[in-house]
Amino acid sequence: MPSRQIVERQPRMLDFRVEYRDRNVDVVLEDSCTVGEIKQILENELQIPVSKMLLKGWKTGDVEDSMVLKSLHLPKNNSLYVLTPDLPPPSSSSHAGALQESLNQNFMLIITHREVQREYNLNFSGSSTIQEVKRNVYDLTSIPVRHQLWEGWPASATDDSMCLAESGLSYPCHRLTVGRRSSPAQTREQSEEQNTDVHMVSDSDGDDFEDATEFGVDDGEVFGMSSSALRKSPMMPENAENEGDALLQFTAEFSSRYGDCHPVFFIGSLEAAFQEAFYVKARDRKLLAIYLHHDESVLTNVFCSQMLCAESIVSYLSQNFITWAWDLTKDTNRARFLTMCNRHFGSVVAQTIRTQKTDQFPLFLIIMGKRSSNEVLNVIQGNTTVDELMMRLMAAMEIFTAQQQEDIKDEDEREARENVKREQDEAYRLSLEADRAKREAHEREMAEQFRLEQIRKEQEEEREAIRLSLEQALPPEPKEENAEPVSKLRIRTPSGEFLERRFLASSKLQIVFDFVASKGFPWDEFKLLSTFPRRDVTQLDPNKSLLEVKLFPQETLFLEAKE
């Protein structure tokens, strides 16, 4: 039987940023670890016993130390905070130093809206005032500041102009409850009965505007316009021609209003944002988040400062989204965006945005690119919380991830087919090149053989011509009976045959060499040897006579090829 291959699941790594007073601790663990293991790491880092430590910030509420992280279904990046109610606050060398340190800290206010039983998690710097908190709560709950009925403010918070750092709030997290008082008379009665909480009823700016309705101006107009009047420049120029330049101004103005911790807005046209998010390899694709700003909405300030600039939201958007923004405050810019929206998303989406009321802004559109169109997964309105916003972003990511996995699979299969085709084409090309190289090599070989054959023929013809010329130049062979002395030479060839001829004894040795060469044995290739004594005749002076070199009256010689 074939062996079954077991594929082990790779552990998923989770990142935690844990805040405690003025410290941040980064913890990275596998999702197979428990909550208790995080506390053990924090015990070493913060020098706080596990028994004195409350680990807060879990999306599902309080969890047990034995709980396995994987069962909590956490995102990759998480923000938690530690509370130590049983430990005294750290002492400082001076009150001024401690206050300065608190001013630089961020306080999380967990504010419960009593009537609707809704909870808001709002981050404020220590330098923010109590009045700023109450105005932001007005933007969220529509309860005017002077009608707000509070529970949970410390006894030391005696003035709405007091900053949070010196108000006595619990750090880093403090719980408050707000509701609407039914009438000024009832509020004053409650204020007289409960002296322990001086901020049950707001008494500062609310009193200043107590009679605002008599002049035809309600609280929403007073506080909404006060914040608008402070703005020195619009988020985006009117009749913005170049989208890139408009978004540069938008980013700069957003930073000046809400700080540098905000999403990284894509600088460029909406089409360029599509290219960046959708028209890349499936593994590199991201969701597109479109933030639609409106300065006239009462929700804008809170949504930007508390939700959109929350560190967890900024981190999640930067990892998984391309974020593009547009300002709909001016009619011309609104009309331009609706035109873009109609072109890219269709008339239904454009009509949905067109019918949104001002107080429903800002909007957050989550766009997913598909093969033939762009789909709007979600339209998030400004009246939300950080947790709700994060949950909706994560829900969109789940849909996107499922689609992305399909796209990656299709892309991998397509690339595999293209690779096979490329390999086949390459193999065919290499085969053609090999055939061509073989053919060219054969042609070169044939040409070389022909050239060598021509050279050989020319050499043979040249040698034959030399042989014939030597043969013709030889003196006639003397007769055996001659008046002059005759030398008879018998020459053995390398093949064993014998050449015999008579020469006059007075003939020069060169004539013997010419005779041998005329028979096909040139003296520059062969040497002529005698036996007794053994000597190389070709080394002798060719101008001497046969008699002088003692080749008389007869001699047997043999030919041997030179090395």
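The backbone N, Cα and C atoms fix where each Cβ goes, and this holds for glycine too.
Per TrEMBL, the stretch carrying the note coiled coil among 49-101, 420-472 is 420-472. The average pLDDT for the coiled coil (420-472) in the predicted structure is 92.
With DSSP states grouped into helix (H, G, I), strand (E, B) and coil, the domain 'UBX' (482-559) comes out at 13 helix, 29 strand, 36 coil.
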